[in-house]
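The structure under discussion appears below in the form of C-alpha cells.
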Amino acid sequence: MEIENTRDSDSMRGSRVGFSGSLVSGKKSARFKDDESYVEITLDVRDDSVSVQNIKGADHEAALLASRLEKRPNNTLGSQLSFHLRQVSKELKRMTSSNKFQKIDRSKSGAARALRGLQFMNKNVGTEGWSEVESRFDQLAVNGMLTKSLFGQCIGMKESSEFAEELFDALARKRCITSPAVTKDELREFWEQITDTSFDARLQTFFDMVDKDADGRITQEEVKEIISLSASANKLSKIQDNSDEYAALIMEELDPGNVGYIELYNLETLLLQAPSHSMNLSTNSRVLSRMLSQKLKPTKERNPFKRCKRRLDYFIEDNWKRIWVMALWLSICAGLFTWKFIQYKRRAVFDVMGYCVSVAKGGAETTKFNMALVLLPVCRNTITWLRSRTKLGKIIPFDDNINFHKVIAFGIAVGVGLHAISHLTCDFPRLLHATDEEYEPMKPFFGDERPNNYWWFVKGTEGWTGVVMVVLMIIAYVLAQPWFRRNRLNLPSTIKKLTGFNAFWYSHHLFVIVYVLFIIHGYFLYLSKKWYKKTTWMYIAVPMILYACERLLRAFRSGYKAVKILKVAVYPGNVMAVHMSKPQGFKYTSGQYIFVNCSDVSSFQWHPFTISSAPGDDYLSMHIRTLGDWTSQLKTLFSKVCEPPTGDQSGLLRADVAKADYKPRLPKLLIDGPYGAPAQDYKKYDVVLLVGLGIGATPLISIVKDVLNNIKQQKNIEDGTKGSKRSPFATKRAYFYWVTREQGSFEWFKGVMDEVSENDQEGLIELHNYCTSVYEEGDARSALITMLQSIQQAKSGVDIVSGTRVKTHFARPNWRQVFKRVTINHPDQRIGVFYCGPQGLVGELRHLSQDFSHKTGTKFEFHKENF
C-alpha cells in the first residue's frame, strides 16, 4: 500500500491522500475475480470530514462503491483514512455477499452505465406518457377492467404480446393480484414501476418476471422458461432449442455453491461486472468526440445566396465526375440536334413541312448517337479492362455504368418521341394538305403523286420499321423497370408470369431485332437519297462490332470454363454456398463478379453473382440467395444431392464432393468473367468501411479475406520467409459491419469470422455483426439474451447468437456513431465506404459520407455495389 500526503502551503486545513492497492483480499467475489486488480483513490481530508476526490483504476465498480463514503468527523488523519479504507472494503464484501435487495447509491457514471445495460422496457413505452396509456385504457377496457391479453397493446408493446403478458403476471404477483384484469388505478401502479428508470427498480422488475412463484429465488426451470420466452420474442430458434443448456450455464455462473437457486444480488453482481467499451474511452477520445459533435451540428446560414453557394460547392465536390460526363453528353446531344435542325431549316422541304421536320430530324440525329452510345456501358469486358488496367477511373465514374446506360436509354426515348411525334402530328399532315404548287419541290422525295392518307406512310419501309421498333422498345423499357423486374407489384398470377428477371432478360434481347430494323429504317429515308448522307450505320457500326465481339468472347470463354463443384452448402434463410475449382489462369480481384449458367435450369440464362472467395484462395466460391425462379430451381437441384443436417446445424445441407466416397451427380455450371465492380477499388484506401446487409455481405467478405491474407503475407515478409514479395496493397485497416435479420444467416460466413478472430492478432480488421430480429440492447425482451451472451463469451469466447468469436450486436447500428468513431480513429485520412445491400440505406450512408467529409478533415468516399 502506498500513501501520499500533500498539504496546502497556505493552510493546514485540508489535504488529499492517494491510495493505490488491492481493495479485496482473500476470497474472490463474482465482481472482483482478479486479485491483482488495483484502484487509486484520492481522498480530500478536511478538518472535520473526508470525501472522495478522485478514483482511478482497473475496476470501475470500485469507484462506484467508494463514492458512498459519508462525511464524518476527523479525529486524526491516520485513523480516519484507515476507517474509510476499511469501510470501502467492507462495502465491497457486503455487495457480493448480501442476499437482501437494498437501494444502492451509485455515482453518476456508474448509474448511467448500469442503466444502459438495464433499460428493460421497450423504448416506445418509455417515451410515451401516462396520458396516452390512459387514453388507450379507456378505449380497450371493458367495465373498467383491462384484460391481460390487451395489456401489451395498452402500454405500447403490442408487437410482443406474449412477453407483455409475462410482464403483466410479474407486476400482478408483486401486488398479490390474482385477477386476469386490472383497474385503471392498478394499471397506473404498473406504469409507474415500468417507467421507473432507476437501476434498482428495473432490476427488481426483471427479477420478478423470472421468479414465477414469488419466493425471492430463481430456479433453473424458471431461468429456462424466461430464456425460451426471450429467444422466441427475438426469433432466436437455436437459443430456444438449447434453453436447457443455457439455463445450466447461468446457474453454473451464479450458483457456484450448487444450492439450486439464485437470488437478486447474484443478478446484480453479473450485470455490474465490467465497464462497457464506451466507458473505457481515453480522455483524448472523449475530447475529440465532443469537438466532433460540435462540428457536425447543423448550422443555418442566414444569407440565402451563401447557403445556395455552399450547397452548390458541396454538390460539385461530391459529384464532379458525374457532372462533367453528363455535361459532355448533353452538349453532344444538343450540338447534334442544333446542327440537324439548322441544316433542314435551310432545305426546300422546310417551306412545306416547317419547323416540324427540323425537330424530327434533330431528334433522329440524337437517337443515332445514343443508340450507339447505349451499348458501351454494357460492354463488361471493356469496362473491366479500363477500370483495372488504366487510370481513367480517376476521372470517369465507372461505378455508374448501369445508371449511365439508363440515362442514355431515357435520351433515346426523348429522341424517338421528338422524331415520331413531329412526323405523325405535324409535318406529315402538312404534306397531306399541301397544294399542288407547294408539293412540287417534294416530288423527288415522295413521288409525283402526293400521298393521300396516313396509310401511305405506314405501309412503306420507313413506316412499318419505325412502328415495330417503337413497340419493341416500349416492351423492353416497361419490363426493365424495377417494379416489374423485381416483382414488386401485386399482379394477378397470369400476368405475374410475364414479369420478373426472366421477362427482363429476354425482352432486352429484342434489341437485336431493334438494331436490325434501325439500320433498315435509317437506310430507306424519304429526304436523303445519297448513301453517304444515310449516317445511321456510321454511328452504330463500331459499337455494334465491339458489343458483338464481347458476346463472342463471353461464349468462347464460358465454353472452356466449365468448373468442377467441390462443395455445396444450403443454409437457412434460402442461401446456398457453392465452392468450385478455379480455372487455370483465372485471375480476379475481391469485389468482382461472375456470370453463371446452369444448363439443367436454362441453357440461355446467365446470372451475375459476386465472388465470395479471396484471390489468394485455391478455389472459387459464391453465395446465392433464392429470390426468383432460376435461383429456386438451382437450389432444388443441389438440395437433392446434399446430406441432411447434423444435430448442431439446424437446416444446413451439405455435399462435400472432394471428401465423399460416393460422388453425387451435381449440376454442371459454366462461368463467365470476372467483371469489374465498385467494391474492387478498396485497395486504393488505407482504411475501408465495409457495410453489408444480408446477402450483400458477399463481396465484402471477399475483401475481408483478402485483407487477412495480406496481413499473413506481410507477416511472412517481416519474419523473413523466402519467396514472399510485397504486394501493392494499401489497405491497413478495415471496419466490417454486417446487418442481417435472421440468426441462421451467421452460418453463411462463420468460418471467415473465426479465421479473422484467430489470425488478426493486431486487431486490424474490426468485425461487427448486427442481428435485427433481436430487440435492441436495453429492451426487456433481449435483457436475458444479453446476460447470457456475456457469460458465454467470457467462458468460451463464442457468441451465442452467431456461433462465432465475433460478438453480435442487437437491432440496427447507429450509423452516425459509426462514422464518428472512424473519424476519431483516423483524422485527416481518406476512407473508402463500400456498401452492398438494398437501396433503402444508400441515402443515409451517402449523406453521412458527405456530411463528415464536408465538416471534418477525414474524407469519406462512398461506393455502392449494384445490388
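Cβ coordinates come from backbone N, Cα and C, glycine included.
What Swiss-Prot records for this protein:
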- Asp211, Asp213, Asp215, Arg217, Glu222: Ca(2+) binding site (BINDING)
- 1-13: compositional bias 'Basic and acidic residues' (COMPBIAS)
- 1-20: region 'Disordered' (REGION)
- 175-186: region 'EF-hand-like 2' (REGION)
- 1-322: topological domain 'Cytoplasmic' (TOPO_DOM)
- 344-358: topological domain 'Extracellular' (TOPO_DOM)
- 380-407: topological domain 'Cytoplasmic' (TOPO_DOM)
- 429-463: topological domain 'Extracellular' (TOPO_DOM)
- 485-506: topological domain 'Cytoplasmic' (TOPO_DOM)
- 528-686: topological domain 'Extracellular' (TOPO_DOM)
- 708-867: topological domain 'Cytoplasmic' (TOPO_DOM)
- 323-343: transmembrane segment (TRANSMEM)
- 359-379: transmembrane segment (TRANSMEM)
- 408-428: transmembrane segment (TRANSMEM)
- 464-484: transmembrane segment (TRANSMEM)
- 507-527: transmembrane segment (TRANSMEM)
- 687-707: transmembrane segment (TRANSMEM)
- Item | Ranked first among 323-343, 408-428, 464-484, 507-527, 687-707 for CB pairs under 8 angstroms with the transmembrane segment (359-379) | 408-428
- Task: Report, as numbers and ranges, every residue of the chain located at least six residues beyond the topological domain 'Cytoplasmic' (380-407) whose Cβ falls under 8 Å of a Cβ in that stretch; write 'none' if there are none.
- Result: 321-322, 324-326, 329, 374, 546, 550, 553-554, 589, 592, 674-676, 678, 680-681, 863-864, 866
- Item | Listed in sequence order, residues with CB under 8 A of Asp211 (Ca(2+) binding site) and six or more positions away | Ala170, Arg217, Ile218, Glu222
- Recorded stretch, among 408-428, 464-484, 507-527, maximising Cβ pairs under 8 Å relative to the transmembrane segment (323-343): 408-428
- Other than its close neighbours in sequence, what residues sit by the transmembrane segment (464-484), given a CB gap under 8 Å and a spacing of at least six beyond its ends? 409, 412-413, 416, 420, 458, 499-500, 503-504, 507-508, 510-511, 513-514, 517-518, 520-521, 524
- Message: Quiz question: given the binding-site residues Asp213, Asp215, Glu222, which has the greatest number of C-beta atoms lying within 10 angstroms of its own C-beta?
- Response: Glu222
- Note on the structure: Long-range CB partners for the region 'EF-hand-like 2' (175-186) (under 8 A, at least six residues beyond its ends), listed in sequence order, are 134, 137, 141, 144-148, 151, 168
- Using an 8 Å cut-off from the Cβ centroid of Asp211, Asp213, Asp215, Arg217, Glu222, can you name the remaining same-chain residues around the Ca(2+) site, in sequence order? Val210, Lys212, Ala214, Gly216, Ile218, Thr219, Tyr261
- Query: Reported in the order helix, strand, coil, what are the DSSP residue counts of the topological domain 'Cytoplasmic' (485-506)?
  - Reply: 11 helix, 0 strand, 11 coil
- Item | Three-class DSSP secondary structure - Glu222 (Ca(2+) binding site) | helix
- Message: Looking only at the topological domain 'Cytoplasmic' (380-407), how are its residues distributed among DSSP helix, strand and coil?
- Response: 23 helix, 0 strand, 5 coil
- Provide the number of Cβ atoms within 10 Å of the Cβ of Arg217 (Ca(2+) binding site), excluding the reference atom itself. 18
- Query: Who are the chain neighbours of the topological domain 'Extracellular' (429-463) in space, where the CB to CB distance is under 8 Å and they lie at least 6 residues beyond its ends?
  - Reply: 348-349, 351-354, 356, 423, 520-521, 524-527, 529
